[in-house]
Structures are given as structure tokens and as C-alpha cells.
Amino acid sequence: MKLSPREVEKISLHNAGFLAQKRLARGVRLNYSESVALIASQILEHARDGEKTVAQLMSIGKHLLGRRQVLPAVPHLLNIIQVEATLPNGTKLVTVHDPIANENGDLEEALYGSFLPVPSLDKFAESKEEHKIPGEIICADGRLTLNPGRKAVFLKVVNHGDRPIQVGSHYHFIEVNPYLTFDRRKAYGMRLNIAAGDSVRFEPGDHKTVNLVSIGGNKIIRGGNAIADGPVNEANCKAAMEIVCRREFGHKEEEDASEGVTTGDPDCPFTKAIPREEYANKYGPTIGDKIRLGDTDLIAEIEKDFALYGDESVFGGGKVIRDGMGQSSGHPPAMSLDTVITSAVIIDYTGIIKADIGIKDGLIASIGKAGNPDIMNGVFPNMIIGVNTEVICGEGLIVTAGGIDCHVHYICPQSLDEAISSGITTVVGGGTGPTDGSRATTCTPAPTQMKLMLQSTDDIPLNFGFTGKGSGSHPDELHEIIKAGAMGLKLHEDWGCTPAAIDNCLAVAEQHDIQVNIHTDTVNESGFVEHTIAAFNGRTIHTYHSEGAGGGHAPDIIKVCSMKNVLPSSTNTTRPLTSNTVDEHLDMLMVCHKLNREIPEDLAFASSRVREQTIAAEDILHDIGGISIISSDAQAVGRIGEVISCTWQTADKMKAERGPLQPDGSDNDNFRIKRYIAKYTINPAIVNGISQYVGSVEVGKLADLVIWKPSFFGAKPDIVIKGGSIAWADMGDPNGSIPTPEPVLMRPMYGTLGKAGSALSIAFVSKAALDLGVKVLYGLNKRVEAVSNVRKLTKLDLKLNNSLPEITVCPETFTVTVDGQALSSEAVTTLPLSQNYFIF
């Protein structure tokens, strides 16, 4: 066929579109991805017919689907579709704005070329149901004053040129086009008093009166036409006016120009204020505004905003971050940021704030106000945007710390793509590939295997940690795997999780300051849960899948969540309890643990692990902070790409069931949001001794960041930043004239190629391995760091998830009682972050 790469990409788009047509033909309302695929692929088909113009194709795209043919969230998720098609006169971009604009679509046209039957409109429900708007911004009432407390002046301006002139908000007004005539002396040190990034356009012959305000910061003028270069003072003003006259720039004195100071008083003529909704549309929500997270019922309210209204650093044509304006001149690379993320909403366990994020040398250098200190107030000293600074526009977007999955079976390397594309940037676990041992346990047993796993993942843009096998009652072998690079040890019943093995493993871990992860004895062979707790002997331990469906003492392993020395986590297939949770688990367990349905004892072993009552209790324990971490158990009773989505599904279910979580009121869910994000960011970092490097959006940590559209939050990120560089991102047609035409896929970027993956990431090992020089011995390019400060941890050290409830479990009914109250939680039939977003 001699196909080009772009043709192969369009075939995948066609396949998705045809799948959507089949679903539409049988009366299924389409989700976001299906709607995009159907409309884009139909445009390509009509283009191939060769009879339609670009304008006609745009029109067709607006009439294929209506609100009744798509899920209720889709009209809010889908506001534009772009695709590049080969027409008889070459490749052209077709853009469809607001493609879901009518009550019903033209279904015959939507199924054109498919030869599928056209369904009756009666098959599609009326679209009158109440529904949430995914990612909606809920603005507080009122207006925001721009540039308060500044000297201001109104000046008359005339365009004597024969072409239009457009002037941006932060352009030094004295420096503008010579064909604009006005009092340039009074404009010295001034700029337009308009919203940052806006502009004023002067058509030929236009007469306009403009409101100017003084520049801020150090008041140093750079750039423009080099009329007034230097600090704002009387001597430089006089020199600038001499240049104005000599170079014949338009100048006319306006002696009676109105001058004053901007205030917060709406009646002050110099005051510029804009409605909060308009502000949010330009720069994202500010303090007091709220965001819905994805299609959940979780509402985040902005607690703090570092922006100075009117001085936001905005990138784009005619915007703020340009030479001498928002971008400084004269600050070399050492003094300026490598990258700035502008005006992002940060959701972290530390708070929900609006700020610029500065990145330098792969680290989070600063969080606050970025820009040009020569003309802007409040720019942080280490947040200078210079000539050597790259920009990622964060307006209207959410930034979180890269997720940490601390229960990973390294069964296949392809799972790592699923991890990073979902927002996971650090993985901890064990395995050697698709061996039976690795399918069941997170252990990398042999020193040679530890070396190989560190080497084989060296170029992958993720932070890695590998755990050795801890199931041994003699210390020597454990010391050897730790020296080979194990950053932790794993006790697992499939290898033996006896009191003797537990005691020995913890004793060795104490010597090396590494964590011990445990999957306890489901069948109670050596004792009950109380005997295992006794073997802990007060020592710190991380209990995997602490509810028990993933493994552990039946039926009451969940009682470990009462213990101060136990750091409990969950795996995501039980997060949260749904009407299908119990039914799917039995076969998972049979496969993972080499069990045989024909052996009654094997069947009983698996069945004993799956208890709806304890899974229901697990939901509530997460909500009260009794379980501290959510992880995956990747490909071994867990899904590596769904750690984040399952966390937010659990939070949403608990809000619906239990109402606001103290200290939240009825207006926001900030405390619950911070509690739940801690479960896959800071808490797994603390437990594994790596929190000084990763786990939160805090200064000094690795710039592992995830950028989300609010409407897709928790389901599909836009950009994953690894060590300060973009590793994965939503990207459209690689042959496209712009980066947004379909098919838009989550794709690896330059941060994954060549030596970048190792340069941007860390391999975590034991201090013993670091001291032995495994980086050089193994030829690793990754930065290698030792884990630390884990052996003294208690649950009280974990963030926002450190409650110590008293838990009992009835051995007959499996009813879980917490602090004297029996727990119950409904098995739900629907969850957010599911069918609105995913084709399969």
C-alpha cells in the first residue's frame, strides 16, 4: 500500500469512527472520544468524495450528532474538532466549532458510507436530565480591580498611518508606532490600563482616548523602539523626548490630560475592573472561585492566588511575555527560569492555590509570581522570565504532583506507558518480567536480576525503585539483595509470610533503613492476624491491600489499620465498591496465584479473600483517613493506569454517601480533595523514603508534574512533565499544520527519547547499594539516590491520612466495626471518570 505514517494514523481514526457508527446505529449514546472519532472520520470520508469545500465540510461536521445522540457530558467536553483531509486541491485543515449544537443530528449523514441501518430517533432518550458540567468553573460574585494604586492618565491618541496598529497591555506606550500621535512625555513610564494580554486596536484615522498606568517593579524600560531604554527618571525622560523629536515619532502635548491614581473605588474614573467570570475565562479561577474536578461531584475552591490582577504573565501573539514586557532583558540563564508554568491551579496536599510554577535544572525552583521585575510588582526574585525561559500556559488548567504507584509488579514494560500516560511518574515494586513469581509477587530476587532491572529501565522517564524478596528466615540473602540495589523488601505469602520470616526481614530492614512491604497469610497457616501483628513487634511496616481482597489474613487483615506502626495501603481493583467488584475478583486471584479451580482448597483460598463487607469498610476507612495510600498492584489484581481515577472515584462515592467531610462545609470539598490526593502522591513518597525528592508540588523537589484540563481531571491528563521536561502529552496529527488535528493521542515526547529519560529521572536504591557504587558498577545514566528515614515512621507521619480507628471484624458475618460503629457502604452501579471518557 506504500502508506505514509499519517495515513496509518488516519486509519486508526477511521476504525474508531466506524466503531462509533456501529454503537450509534444500535442506539447507544456516544461519549467524548466516540463523538470526536465519528465526526472527524466522516469529514475525511466526504473529503475523499472530492465534492465538498472546506466550508461545506465544516458545516457537515456541525450537524452529524445532536445532544440526544451523545452522553449528557459531551456537549460540555467537546467544543472543537479539527482534522486535516486530502482534498482534490491538497491537504486542508477542517475545523468544526461547537459540533454538538442541535437537539438531534442527521443520523443518515452520520452513518454515511457505513451501510449500517439508520436508527429511529426514538431510540435516543430525551436530553432533559440534570447533569454535572465536567470541569465547570463556578465564579464568586463581583468584579476584580486591575492595577490598583498606580499613577494613571487619560491620553488622546490618533493613528495617522494607513494601516491598523494594535498595542498590547504591557507594551511601553512611549515606544509605540511613530504614526500614533499623543503626548509621549506623559506616556513615559506608562502602559495601557487593560487586562493583561489584551490590546487596543487603532484603525487608520482612529481617534481614541486611552487609560494608561505606570509600570511596576523596578521601573526599567527595555525594548520597543529603544526610545526610553533604562530606568524611569527625569533625566532619561528628557533624553527619550529628544529621541522622539529626532526620529519624528508622533508627539502632541496634552496639557489638560486627566491624571490621577487607580483605586478600588468603582466610581473612580481611572479604575479598571472586570467581572470575575471574565477574569476566570482569561486567566483561570482566582481566590474564592471553584472548579468541578472532571465529571465528579468534587468541588475545589481556590484558597490563595499569587497573581497581582493586571500584571499576569500571559504568553501569545501580542500578549505579555515579550521582550521588555513580561520577558526581561539582561537576565542571563543563571538568573532566569528554564521553564515557567503560568497561572495554574495547583492541587496538592499542601493546599489548592493559583500560582506560576518556576522550573530550574529539573527541579521546582519556585511557586508564586513570575515575570519581569523591571516592570511588574511582586515578581519573586527567583522567578524571572528571561530570554532563556520556556513557557507552558497553565491558565484554566490544574497542576498536580506526578503520581506514585508503590505496588507495581514489573511484569511487562508496556505497562509503564500506561502508568506515565495516566499521570504516574514514580513506580515502586518488584519483578523480573512475566515469570510466575513476578505475576504473583513484587520481588526482584537475585542480585543479577536487580542489576538487569535497573539497567533495563535506565532510559525510561520514570523514577524507579525495586524491592527484593524478604521472605526468608535467615539474614544473609536479604543483605545481598539490598546491597545489589533493593530499596525495600517484600514479604509475600506465596513465598512464605511466617512470623519467622517477618521478624528476620524487619530486623534486616532496620539495619539498612529501608521499607518492608507485606502481603500477609490469607489462609492463616502460621497464625491469625494478631500473630502477624505480634511479629511486627512495633516495627514500621507497609501493609499492601490492607482490606484483604488482594491478599492477607482472612477475614480480618483490615484490623492492621488500627496500628500506629502500620502504614496501610489499598490496591485499586477494590476502589471503590461497585456492583461488579466482587464478581470480577475470583478469576483475577486464580490467575495471579497459580490456583486451580479443580482443587477445592485453591477455590476456597481465593474465595476467602473476596468479601463485600470488608471492601465496603475500606471505602469508609479511606474517607476517614484510616487507610493512607492507593496503589495499583499492576497486572496482579490491579490496573496500573487507573490509580488516579480510582482514587477520585472513591472520593466522589464517599461524598455522595457521607456528605461533606469535616472541616469542609457545603461550599467546597477542599479537605477531602487534599486527603485523597495525598494517597497517591506524598504518602507513598514518605512510606518509601523518597519524599525529599518527589511526592508534592513543593520547592526543591523534582519537577514531576501533571497538567490537566479540569473537565478531564482524574481521567486523562494533557501533559506529563518529568524532571522539568515534557515526557508525554496529548498530541495531534504529526503531519498537521498545527498540533491539534485528530487523531489526538497521548504520545511520548522528547523527554522520553535518547538519554533524556535517564537525565530526568531517579533510580532509588538502598544506602548500602549507593555506597557500593552501583551507579558506576551497573553503568547507569540515571541519577541514583538512597532511600532514607523510613524505620522511625509511624502512621502519624502520613499526611491527612493518619487516623487510628479501633477496628473489629466479625469472623462469621465479616461485618466491620470502627470505634463501635458497624460500617456499611453501598455497591454503586455507576461512577464518574468512566464511560464519558473511555471508548473501551
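Glycine residues also receive a Cβ, built from the backbone N, Cα and C atoms like all the rest.
As annotated by Swiss-Prot, active site, proton donor applies to HIS593. In the three-state DSSP scheme, HIS593 (active site, proton donor) falls into the coil class.
The secondary structure of HIS409 (Ni(2+) 1 binding site), as reduced to three states from DSSP, is extended strand. Sequence annotations record features per position, and here Swiss-Prot assigns Ni(2+) 1 binding site to HIS407, HIS409, LYS490, ASP633 based on sequence analysis.
The annotation Ni(2+) 2 binding site is assigned in Swiss-Prot to LYS490, HIS519, HIS545. Mapped onto three states, the DSSP output places LYS490 (Ni(2+) 1 binding site) in strand.
According to Swiss-Prot, the feature substrate binding site maps to HIS492. The Cβ of HIS492 (substrate binding site) has 25 other Cβ atoms within 10 Å, all protein chains considered.
Annotation comment: Swiss-Prot describes 402-840 as domain 'Urease'.
Long-range C-beta contacts of LYS490 (Ni(2+) 1 binding site), restricted to its own chain and to partners at least six residues apart, with a cutoff below 8 Å, comprise GLY430, THR441, THR442, CYS443, THR467, GLY468, LYS469, GLY470, SER471, VAL516, ASN517, ILE518, HIS519. Feature annotation from Swiss-Prot assigns N6-carboxylysine to LYS490.
Within the set of recorded positions HIS492, HIS545, HIS593, the entry lying nearest in space to ASP633 (Ni(2+) 1 binding site) is HIS545 (CA atoms).
Restricting the recorded positions HIS409, HIS492, HIS593 to those with a CA within 10 Å of the CA of HIS545 (Ni(2+) 2 binding site) leaves an empty set. ASP633 (Ni(2+) 1 binding site) carries neither a helix nor a strand DSSP state and counts as coil. One way to see the shell of the Ni(2+) 1 site is to take the Cβ centroid of HIS407, HIS409, LYS490, ASP633; the remaining same-chain residues with a Cβ within 8 Å of it are VAL408, GLY429, GLY430, THR441, THR442, ASN517, HIS519, TYR544, THR571, SER631, SER632, ALA634, ALA636, GLY638.
Rounded to the nearest whole angstrom, the C-alpha distance between HIS593 (active site, proton donor) and HIS407 (Ni(2+) 1 binding site) is 16. In this structure, the C-alpha atom of HIS409 (Ni(2+) 1 binding site) lies 13 angstrom from that of HIS492 (substrate binding site). Excluding LYS490, HIS519, HIS545, which define the Ni(2+) 2 site, the same chain contributes HIS407, THR441, THR442, LEU491, HIS492, ASN517, ILE518, THR520, THR543, TYR544, GLY550, GLY551, GLY552, ASP633 within 8 Å (Cβ to the Cβ centroid), listed in sequence order. The least crowded of the recorded positions HIS407, HIS409, HIS593, judged by other CB atoms within 10 A of its own CB, is HIS593.
Ranking the binding-site residues HIS519, HIS545 by how many other Cβ atoms lie within 10 angstroms of each Cβ puts HIS519 at the bottom.
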